[in-house]
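Next up is a structure, given as structure tokens.
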Amino acid sequence: MASALVSGLQGVSNDALLSVGAVAGLATPLLHAVGFWLCRPTASTTSRPPHRAAAYAFLLAGGPRHIVLQALSLTLWLCAILVAVPVLLARWHHAQQTAHLELLSAAVALGGFCALLFQVKALLVFDPSQPPPKLLVRALRAGADHLRFDVSRLPSRTARAYIISGIGVLWVGLGGALLLATEFLTDRLSLSVYYALAAGCITCGAFTTHGLAGFLRHSGPEAAAAAAAAQGVAAQGERGTTPSGWRFFQPFHGGTAFVLAQALGWALYSSTLVAILWLLWQAVAGVAYCVRCWAVAAGAVMFTSELLLAGSLLTFKSKSVVAGVQQVAGVPPSPRPSMRDRLFNCVVIATFYVPMHIFAAVVLLTFLVLPAAHAVTLWVGGLFVYYSLTAFGQPEHTGRREWPAMQAWMGVQLERFLPAWLGSFSVVLDGGKATTTQFEGPGRFVFGFVHHGLYPVGAGFLPFLPSFRSQVMVRPTPLTASVCVTVPLLRDIVLWLGARIVSRRTFEHTLRERRAVLICPGGQAEMCLTNRLHRHKEYTVYAGHKGFVRIALQQSAALVPVLALGEADSLHNLIEWPSVQRWCTKKLGFPIPFVIAGRWFLPLPARTHLKFVVGQPLPAPKLAQEGEPSREEVEAFHACFYGALEKLWEAHAKDFPGYQDVKLVICHST
């Protein structure tokens, strides 16, 4: 088919091009006259309006889209006539055929055809209800300002939308024909002009289908009536009860199917433009190769894009129309989040879960693209500069890079999106308001977060959640593993959110400075026990660490148990090898193999619900020797902490979804 089309284009002569231009040039004013006759006006007065005033009115009325399209049509029509005059004179005097003469003949045909298409679109988008511009009032005479154009003879807005979509396909076809015609051009000027015009035609096709066809189909009374009919109810009034929900630029609105089709359609359109620009660069450089292959491929991609853009209009869901239909039908509005909210939700969640994976992917990509020696040099030099700039002031120890504004913003976003992502989300203070007063005063607190799980992100964002801050009067500083403040990107996010490294020096310094810290007492040993929750329904807590209890006693800090329900379930290790992972944890400080997955087999949390239960503070007992707790005192306070944790489990776990058959197991060795 492509070969036949190319052969046909090769046989097109200058006379044929001029004939096409002449037909289109004659059809343009004729179509304007037909449009004026179809929309012939009436007057609100008994006198008939002057014909000249009515003609002016038709040019300047009908809304901004009609005026702009009429202006484009008239401009192209006049340009085609002006270009055709010297071409006809050259033909009259039997001038020698040149590339420039062929280019001018093609310009006449293209200008006339485009003028005709713009004239058709101008007629189809004519809207007499649009208020006339001030220029119209000055142009009309003898009562013509009372004109009322009648569009009842035109097709319905939905039918006009289909016609406009067909015109969009014609634009794409014209662009494809121009691309195929470049195979027979030799001079760079003609090639450049043809490629530029092809890109322009393809752009007109995409914008015509999306902008004009979408506007006609999803605005006005017919849109409301169609939506109402789809739901089995009647639209109220002549114009319906809902305004148009259509906008030319409306990212992530219109429903999932509409957004996906639009995204793919515009992506294909962009790839076509890139291909045309590449062909243009080849033409300018004089190294064009296999032009037909590229032209056919670009045309096929753009035709697919046009079909996707046109088909997406059938799936568009207007919020205002749906709301009006639900109001008429007595159906309560759905709380379902928009596509933009869903995407933003994914971005917020991914900020916590995938920075390490992004960094690893960038490193791998660097070694795949560059020679190994160059990649190593790049990363050694880059990381040296990175750590030199970000390590100033020991932020992992002092919190120097903490960003309170980001913490507050991220807390609000998580509070907003976590229920939709996880199914449910809550922060509960055991004992209610009576417990709130126990956090007041100058005391110090050590929050023990259980369960560590495979990736205890909740320990990082819990302190700045609004629901936590409204119940707990202190702001604990999370203490995290050293790997989290080592990997670039993850390091930046962790430090911005105020976390510090979990070392004895930092623990004691932060507790004195901030009065409260939050740690995961089970540590990485507890991480290796997470698989028992999936396999044996055992919420296994590791209680072998007692250093946090000793520091709490030394600084007279109260212990606060925090029970996290659902977080340990949200991720699982795709490769479970407990013995090897425990050995690697003891020897290397990290469980290997470690390939976590959750929703969609990605490192994102699954829909498991989430509930944080904050227990009542356990005040530190008075020591026999101040600042030097004995082994027995540490053991007693340690047992008190895990006893309080068991009570939290008994009070709250049975009501958590999916935990009715899960039992709590506290172990002191792995």
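Please read every residue number as a count from 1 along the shown chain.
Here the Cβ of each residue, glycine as well, is placed from N, Cα and C on the backbone.
According to TrEMBL, the feature transmembrane segment maps to 16-39, 67-92, 104-126, 161-181, 193-216, 257-280, 286-309, 343-370, 376-393.
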Compare 161-181, 257-280, 343-370, 376-393 by their Cβ pairs under 8 Å to the transmembrane segment (193-216) and return the stretch that comes out on top.
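Out of the listed stretches, 161-181 contacts the transmembrane segment (193-216) most.
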Out of 104-126, 343-370, 376-393, which stretch touches the transmembrane segment (161-181) the most, going by CB pairs under 8 Å?
104-126
Counting only CB pairs under 8 A, let me know which of 104-126, 257-280, 376-393 has the most with the transmembrane segment (343-370).
376-393
